[in-house]
Amino acid sequence: MAAVDDLQFEEFGDGATLLAANPDATTINIEDPSVSFKHQPRPPGSLGREEDEELLGTNDSDETELLAGQKKSSPFWTFEYYQTFFDVDTYQVFDRIKGSLLPVPGKNFVRLYIRSNPDLYGPFWICATLVFAIAISGNLSNFLIHLGEKTYHYVPEFQKVSIAATVIYAYAWLVPLALWGFLLWRNSKVMNIVSYSFLEIVCVYGYSLFIYIPTAVLWIIPQRVIRWVLVTIALGISGSVLAMTFWPAVREDNRRVALATIVTIMLLHVLLSVGCLVELSCPSCCSRIFWKRANEMRWLSDYRCFLPISMT
């Protein structure tokens, strides 16, 4: 057995005394901030892999999924389940709007702004605001174009609200749904493709539409050239957000498939910007036909009815 004295704690002397006894000893002060520990050398190719994972957000995906599971533990038929999708503060919404207006090359929008807490609050109200902005600016634009015409009588075009709502919300929900399903399908074919969640894709599309709100307000200017310049600027900013977000997710796929995916995303966005929004902000065909027919008729106050001009 070991002696009792061998099991006792031994007190070492002061550091200066120990150094005097053994001047060749090496000392390290753990409180010295100048001391740094070197990392182990990385294997070749690991740096690029880490950059890809950081860009796509795969290095913290487990933590994100765990937090998402904790947040959405309520049953889907309860109000608390859907309340989690709107659990976002004003500063986060403003930060995401700023990120959609000022896209930075090489920075992933999902990684920087969305993945920590994806929400539906911002996309929902951005789409709702855009719908009314398009409808109001379309009516004002129609009024300003015909301002000064004696035969013109302003009639609000309420159908612009329903048309704009159908187009905007269909684009903001159906396109992300199709893209999410496509990424899941390609993820089953190519193992190293990282797929975004449906909520994250909806957030990207929703926040990318914010630039069209001030653009729609400026569409009341009755100048076709100015409108096309505004559309081009808005299309470039919002399209760059979509391209820089989804290109890292498909670039590891087949080259043709990756390019076809990005081209399809951009074509749908151009269709929305040019084909739908510009058309909704201009006088509708129904309005032009109505006033063409109205100009062919005149009001006879004696009979209080409409008669063709040829009969008067």
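For all residues, glycine too, the Cβ spot is worked out from N, Cα and C.
Per TrEMBL, the features are as follows:
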type     : residues : note
COMPBIAS : 50-59    : compositional bias 'Acidic residues'
DOMAIN   : 101-274  : domain 'Yip1'
REGION   : 33-59    : region 'Disordered'
TRANSMEM : 120-141  : transmembrane segment
TRANSMEM : 161-185  : transmembrane segment
TRANSMEM : 197-222  : transmembrane segment
TRANSMEM : 228-250  : transmembrane segment
TRANSMEM : 257-280  : transmembrane segment
Listed stretch, out of 120-141, 161-185, 228-250, that has the most CB pairs under 8 angstroms to the transmembrane segment (197-222): 120-141
Model confidence over the domain 'Yip1' (101-274), averaged pLDDT: 88
Long-range Cβ neighbours of the transmembrane segment (120-141) (under 8 Å; 6 or more residues past either end): 85-86, 88, 93, 96-97, 156-158, 160-161, 164-165, 168-169, 172, 199, 202-203, 205-207, 209-210, 212-213, 216-217, 219-220, 222, 277, 280-284
